[in-house]
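These come from Swiss-Prot:
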type: MOD_RES; residues: ALA2; note: N-acetylalanine
type: MOD_RES; residues: SER6; note: phosphoserine
type: DOMAIN; residues: 21-92; note: domain 'KH type-2'
type: MOD_RES; residues: SER35; note: phosphoserine
type: MOD_RES; residues: THR42; note: phosphothreonine
type: MOD_RES; residues: LYS62; note: N6-acetyllysine
type: MOD_RES; residues: ARG64; note: asymmetric dimethylarginine
type: MOD_RES; residues: ARG65; note: asymmetric dimethylarginine
type: MOD_RES; residues: ARG67; note: asymmetric dimethylarginine
type: MOD_RES; residues: THR70; note: phosphothreonine
type: CROSSLNK; residues: LYS90; note: ubiquitin cross-link
type: MOD_RES; residues: SER104; note: phosphoserine
type: CROSSLNK; residues: LYS202; note: ubiquitin cross-link
type: CROSSLNK; residues: LYS214; note: ubiquitin cross-link
type: REGION; residues: 214-243; note: region 'Disordered'
type: CROSSLNK; residues: LYS214; note: SUMO2 cross-link
type: MOD_RES; residues: THR221; note: phosphothreonine
type: CROSSLNK; residues: LYS230; note: SUMO2 cross-link
type: COMPBIAS; residues: 231-243; note: compositional bias 'Pro residues'
type: MOD_RES; residues: THR242; note: phosphothreonine
Amino acid sequence: MAVQISKKRKFVADGIFKAELNEFLTRELAEDGYSGVEVRVTPTRTEIIILATRTQNVLGEKGRRIRELTAVVQKRFGFPEGSVELYAEKVATRGLCAIAQAESLRYKLLGGLAVRRACYGVLRFIMESGAKGCEVVVSGKLRGQRAKSMKFVDGLMIHSGDPVNYYVDTAVRHVLLRQGVLGIKVKIMLPWDPTGKIGPKKPLPDHVSIVEPKDEILPTTPISEQKGGKPEPPAMPQPVPTA
């Protein structure tokens, strides 16, 4: 028997489920370029789509890893047997995904690459992928004992207004190095895309599109136009004289 819950509780429960699932997959698939999760609920089953840059690693050998993840999710969230399905989907444009770039920068810093060089490499890759702008902030004990932050910016970046919600993709990650924990924040401003594949369909409010004038067909031969004047009033019938 299904338990009836209010709409408010339903929204809260869905939010908690997605947040917990996202945290679990972030820990589990960090090395495989995990970039987010989508949950689609149908009347018969729940479909969980994992977005990643290396989908083959997520699936595992002969689909073993995805089956293990399905079993863990099913047990943790109390889904009935066979009612949850996990899929792996490749991220179309890795350079426009903030989570993927934050993870990439994290592994570069763990590998011992200099902060400035690693950040400029990520910045260049993002801009080459077609982004309108990007911002990378690394904070912590970068050099010496005193904590400080370094900001790297390129292109255009909006910070306020409603378009921030759908134009700016943000990700925050932490990396533990020998000198302490560094914080990584990546912000990517997506380009406007009428098809909606690599960016929002809705243009920015200040976007101005210039419409090309239509080609006027010029007359090849002289044409005379007769403009009609005022129509003459109909003649009144003349009275017939009587003898």
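Going from the start of the chain as shown, residues are counted 1 onward.
Backbone N, Cα and C define each Cβ position, glycine as well.
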Cβ neighbours of SER104 (phosphoserine) where a neighbour is any other Cβ within 10 Å:
22
Between the recorded positions LYS62, ARG64, THR70, LYS214, which lies closest to SER6 (phosphoserine), Cα to Cα?
THR70
Measuring Cα to Cα, how many angstrom lie between ARG65 (asymmetric dimethylarginine) and LYS90 (ubiquitin cross-link)?
16
From SER35, ARG64, ARG67, LYS214, THR242, the recorded positions whose CA lies within 10 Å of that of LYS90 (ubiquitin cross-link):
SER35
What is the nearest of the recorded positions SER35, LYS202, LYS214, THR221, THR242 to ARG67 (asymmetric dimethylarginine), using the Cα of each?
SER35
State the Cα to Cα distance, in Å, between THR70 (phosphothreonine) and ARG64 (asymmetric dimethylarginine), rounded to an integer.
10
Check the Cα-Cα distances from ARG64 (asymmetric dimethylarginine) to the recorded positions SER35, THR42, LYS214, THR221, THR242 and tell me which is shortest.
SER35
SER35 (phosphoserine) and LYS214 (ubiquitin cross-link), Cα-Cα, nearest whole angstrom
45
If we count other C-beta atoms within 10 Å, could you say which of the modified residues SER6, SER35, THR42, THR70, THR242 has the fewest?
THR242
Nearest to the residue listed as 'N6-acetyllysine' by C-alpha distance, among the recorded positions SER35, THR42, SER104, LYS202, THR242, is SER35
Tell me the Cα distance separating SER35 (phosphoserine) from THR42 (phosphothreonine), rounded to the nearest angstrom.
23
Please classify the secondary structure at THR242 (phosphothreonine) using three-state DSSP.
coil
Largest tally of Cβ atoms lying within 10 Å of a Cβ, found at which of the recorded positions ARG64, ARG65, LYS202:
ARG65
